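Everything below concerns the one structure shown next.
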Amino acid sequence: MKTERLTRIVWVNRVLLSHYRRHPLQAIFLLLGLTLGVALWSAVELINGHARTSYADAEQFLGADAHFWIRPTGENAAVSQQDYIRLRRLGFVELYPIIEARLQTREQDWLILLATDFMALPIADAQNNSSETATPFVGDALAFMTPPFQTAVPESLASELGINPGDQLTLTNGQRLPPATLQSRPQQGERLVVDMAAAFEVLNRDNFDYLGVTKLSASREQALRQALPEGLILTRNQQSLDLQELTDSLHIQLAAMGWLAFVVGLFIVFNAVRFSLWMRQATLTTLREMGIGLDDLALAIALEALFWSVLGTLLGGGLGFLLGNLLLPTVSSSLGSLYGAIITPTVTLTARHLLQAAIMTLLGVTVAVAGPIWLSARRSIRQQQHQTLDQQFQPRQLGVQSLSAVALLGLAALYYFQIDSVSDGFVLLALVLFGSALSLPPLLYGAFWLAARSMPASWWRLRWAMRDAFAQLPHLRIAMMALLLALVANLGVSTLVGSFRIAFTDWLTVRMSADVYVQSATLDADALLTQAPLKVQASHARTGLNLRWQDRPTEIRGVNTQAPDMRSLPLALSEPNALSQWAEQGHLRPILANEQVHHLAGVNLGESVSLPTDTGTVDFQVVGFFHDYGNPYYAFYLPKATVSQYWKNAQPMGLAIWLQDTNLQAFEPDLLDAGAEPGDWIDQRQLMSVALQIFERTFAITGALNTLTLGVAGVALFAALMSIHQQRLHQYAHWRALGVNQQEWLLIVGGPLAGMVMVTGLLAIPLGAVLSALLIADINIIAFGWSMPLNWSWHPVANLAILTTLTLILTGLTALWRVQRQLPNALIRLGGTA
Amino acid sequence: MLRFTHLSKGYAQPDGFLPVLNDVSGEVARGESVALLGESGSGKSTLLHLVAGLDVPDHGTMLLNDISLTDASAQTWNRLRREHISLVFQDFHLIPTLNVDDNLKLQARLAGQLDLDFCNQLIERLGLTGLLHGLPGELSGGQQQRVAIARSLAHRPTLVLADEPTGNLDEQTAQDVMTLLIDCVRAANSSLLMVTHSPAMAAYLDRRWHLKAGELHED
Ligand SMILES: Nc1ncnc2c1ncn2[C@@H]1O[C@H](COP(=O)(O)OP(=O)(O)OP(=O)(O)O)[C@@H](O)[C@H]1O
Ligand SMILES: [Mg+2]
């Protein structure tokens with residue numbers, strides 16, 4: 001019995017698959033749809049992964065990745081190896097040692113040498129867990145860390161100094177640096193990098209200048225403070241780029257896009273499978289007449305679906321992999337070059353990834369297959385025999401669709417006021433997207449109905465075209481929905497990325513508007529400013545303290561209201577003249593707060609906040625909220641004088657300096673003279689350009705992704721068109737026999753198509769805007785408490801319009817060409833069988 | 001072998017209930033061939049479909065080989081259609097994407113009863129030898145119907161039900177196909193119940209039934 005059924009199923013499958021042998025083009029389209037759908041989704045996933053790596057990459061920038069410093073307190077003191085090793089033995093693996101020295105070569109060039117313990121650098125995160133077992137140091141890296149060692153010299157510096165690979169720089173004291181290797185790694189800046197052991201030898205010392213500390217939780221921070229030996233203090237790095245939240249935010253947004261790509265993929269798969277089943281309707285009925293039960297048929301179809309999903313997943317996964325490696329110009333290299341480590345490529349085809357893709361395609365295929373099987377289960381075979389192949393548009397189906405669309409959108413509108421978690425937000429997005437997709441066919445129907453009615457009778461060709469739309473609509477419906485979602489995804493991604501780029505650039509610009517940022521225990525700031533008045537254009541010394549407010553870490557900053565970075569502080573929300581009110585400090589004690597205070601603590605403009613001060617709680621009136629992307633804490637800005645009035649323990653928080661000319665190198669001796677030590681200052685121009693470079697790479701990839709999305713929708717459309725024309729060939733032959741010429745045919749058949757694409761495109765614009773607005777203005781605030789300005793641009797819309805039109809013309813012309821080729825044959829048959 | 005008693009069937013139509021078959025009874029013995037005649041709309045196809053299990057009667061009982069088919073499960077009907085009851089249609093119902101050879105062996109393969117010798121015998125008798133590797137779409141109507149006949153008989157079913165099998169063919173071809181059908185049905189030792197409009201065709205068969213006003217008469 002079992003084997004009997006098995007052979008039967010095998011035969012049914014052979015019958016079903018014979019369809020593709022005779023119609024290879026359909027197999028190709030089905031597979032193409034599946035493959036591209038999976039590849040598209042994979043690409044989004046890859047970008048997501050890449051974005052995370054990029055952020056981590058930016059964070060790893062030496063000097064910027066440290067959230068804290070451990071510095072010696074005394075003059076000319078250092079951190080001993082014993083102290084470092086003891087702390088690491090205590091489990092503080094967040095620490096890494098840094099030696100930063102200013103050296104002069106025999107040729108009188110000043111250089112900064114940077115050394116660290118590469119084994120201790122916290123890069124494990126960025127590598128994911130893929131290379132946990134393998135050592136990240138192989139090949140050259142080994143040479144880097146073992147005698148005779150190597151000096152990593154930035155290429156620009158090498159050409160400036162005339163250094164070739166293998167050369168050894170000689171210092172004024174006669175010491176020679178290890179042989180040079182040239183590496184272009186933006187993070188390194190103009191500094192020489194050597195391994196710690198090499199630095200000990202060259203500098204003839206056995207201690208470190210300071211220790212860097214990566215991110216610490218509040219409790220870890222406390223524990224580390226307590227474990228610190230006498231003579232070392234832990235200070236917060238005011239300039240650390242805390243990109244974690246920004247990363248998470250972009251990640252959520254891209255995850256939403258990934259799901260959207262997933263849905264587009266589902267639609268395409270659905271379309272392809274539905275169509276192939278529908279083409280085989282007669283065969284299915286014949287099989288049932290021959291005693292194949294619905295259960296056997298369903299099993300056979302499920303097997304076929306499985307076959308396609310597996311094939312599509314493998315091909316799509318492979319394509320995604322190729323694409324990923326093509327698009328992401330070796331992420332690992334930037335990390336690798338920084339630390340001399342070779343890191344396994346981040347873009348890998350994981351089993352989990354493939355499994356997800358398989359589930360996606362299988363889901364699409366199953367949903368597509370379930371409908372027709374369920375329908376035939378309800379109908380007798382006899383009813384099926386009488387089903388005409390030329391399905392007409394069913395008003396009932398249209399009604400059901402309109403009602404569901406209205407219901408979903410109505411639900412979305414109600415739900416909008418209820419959302420208070422990220423998953424709620426995603427449900428809302430799903431409601432909006434599906435509701436809109438469902439509303440598309442009724443909208444198209446309505447549009448054509450109106451157009452046909454409003455046309456004078458003498459325009460018979462156009463009227464015919466409008467009527468023809470109704471014949472095309474049932475077949476193009478799903479493809480149009482896929483196109484709509486693809487366009488929405490496209491616009492959404494463009495808007496998101498654009499907004500992120502602006503938010504990120506703004507954030508960096510505000511935070512890093514100064515040229516140099518000095519954080520030094522030994523610097524005499526007044527001496528520096530009086531000593532080099534011609535070099536310094538402006539400076540800003542902040543004070544501040546951290547306290548807890550509303551049960552959250554809160555930053556209070558005392559600022560100079562007239563400093564360049566404060567005079568034009570961009571505010572998200574503000575009262576009129578907020579900045580001048582705040583600078584003047586009237587009796588209401590105006591204060592500026594970050595957006596998080598508004599969104600998370602629920603404080604509105606004009607309301608008061610009660611902050612704990614030395615003399616008890618004091619009320620301040622919030623006159624403005626500033627953007628503070630990615631800050632997980634509450635933050636308040638007050639004039640410096642006000643801060644010192646209420647908080648005696650406010651500490652200096654570093655000195656930002658704007659230089660007359662941006663040549664930092666010329667200013668460095670002044671810094672040293674005023675008491676700063678090498679490593680106390682950060683070149684902000686360079687930091688910013690590196691960070692921006694890294695992000696630009698991520699943004700560039702989304703461009704490629706966008707094109708791909710549209711390509712997928714284009715293929716879906718193309719496949720649908722091909723199949724429609726295949727079926728209607730007979731009808732076209734009739735028309736031709738009636739004397740319809742080629743131009744008329746093009747108008748009648750192509751006109752409705754162009755109209756449909758246009759309506760779809762127009763609907764996609766507001767939908768794309770709504771989607772990005774929901775993501776940026778609602779979901780992001782719920783998740784993180786800060787918003788970004790929504791950067792709506794017509795540029796991607798125009799690009800999309802051009803691309804879509806090109807796709808349309810291309811598919812239209814190909815369809816025309818095929819029909820023209822097959823029409824003579826169809827005309828011959830017209831006489832034969834009909 | 002096949003016996004149906006007191007079968008009734010009607011359809012709900014926009015202008016009320018339409019009784020099609022009204023308490024009809026009949027019997028076909030093994031190896032016997034019966035023609036079913038009647039005007040258009042008299043219910044010939046309906047009766048055939050009831051017997052094939054493609055539709056369900058409102059009342060009445062059916063027996064095939066002394067097995068009751070009243071209230072038979074879908075599974076039973078599927079099995080019967082695979083192994084014991086074959087259908088031949090006016091429009092052939094061949095699988096357009098399988099070649100002739102695969103088409104004519106399909107039913108026997110699905111039934112798990114492929115007898116290659118008998119198949120070859122049928123191929124020869126029906127003159128299909130040179131056509132085996134073509135697709136149905138490349139054949140004439142008469143040739144297609146001969147393939148359909150071969151398919152319906154390859155597994156030697158108990159009963160062949162044919163609904164105007166020559167309706168789409170010109171007179172000469174129809175006659176040739178009819179002769180072949182009867183010939184092959186005899187070779188397979190199957191029974192035949194065939195709907196036809198043509199008394200001439202009906203004359204080839206053992207018995208003739210007439211459907212009129214929902215009632216069945218034999219002459
Ligand atoms: N599924 C159905 N629903 C409603 N009425 C039906 C259905 N099938 C058949 N009928 C009606 O039942 C009657 C008998 O139909 P049937 O097809 O059996 O006639 P027939 O004798 O085979 O006619 P013909 O010689 O034209 O094929 C017809 O009036 C037909 O309209
Ligand atoms: Mg009939």
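For all residues, glycine too, the Cβ spot is worked out from N, Cα and C.
Here is what TrEMBL records for this protein:
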TRANSMEM  A:24-44  transmembrane segment
TRANSMEM  A:256-277  transmembrane segment
DOMAIN    A:257-380  domain 'ABC3 transporter permease C-terminal'
TRANSMEM  A:297-323  transmembrane segment
TRANSMEM  A:354-377  transmembrane segment
TRANSMEM  A:398-419  transmembrane segment
TRANSMEM  A:425-452  transmembrane segment
TRANSMEM  A:473-493  transmembrane segment
TRANSMEM  A:699-724  transmembrane segment
DOMAIN    A:706-821  domain 'ABC3 transporter permease C-terminal'
TRANSMEM  A:745-777  transmembrane segment
TRANSMEM  A:797-819  transmembrane segment
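DSSP assignment over the domain 'ABC3 transporter permease C-terminal' (A:706-821) gives 104 helix, 0 strand, 12 coil.
Among residues of the same chain six or more beyond the transmembrane segment (A:24-44), those with a C-beta under 8 A of the stretch's C-beta atoms are 254, 257-258, 261-262, 264-266, 268-269, 271-273, 275-276, 279, 308-309, 311-313, 315-317, 319-321, 323-324, 327, 353, 357, 360-361, 364, 704-705, 708-709, 711-712, 715-716, 718-719, 722-723.
Same-chain neighbours of the transmembrane segment (A:473-493): 256-257, 260-261, 263-264, 267-268, 270-271, 274-275, 391-394, 433, 436-438, 440-441, 444-445, 448, 702, 705-706, 709-710, 712-713, 716-717, 719-721, 723-724, 727, 752-753, 756-757, 760-761, 763-765, 767-769, 771-772, 775, 796-797, 800, 804, counting only residues six or more beyond its ends whose CB sits under 8 Å from a CB of the stretch. Summarising model confidence by region, the domain 'ABC3 transporter permease C-terminal' (A:257-380) averages a pLDDT of 72. For the transmembrane segment (A:398-419), the residues of the chain that approach it from at least six positions outside its boundaries are 425, 427-428, 431-432, 434-436, 438-439, 441-442, 445, 778, 782, judged by C-beta separation under 8 angstroms.
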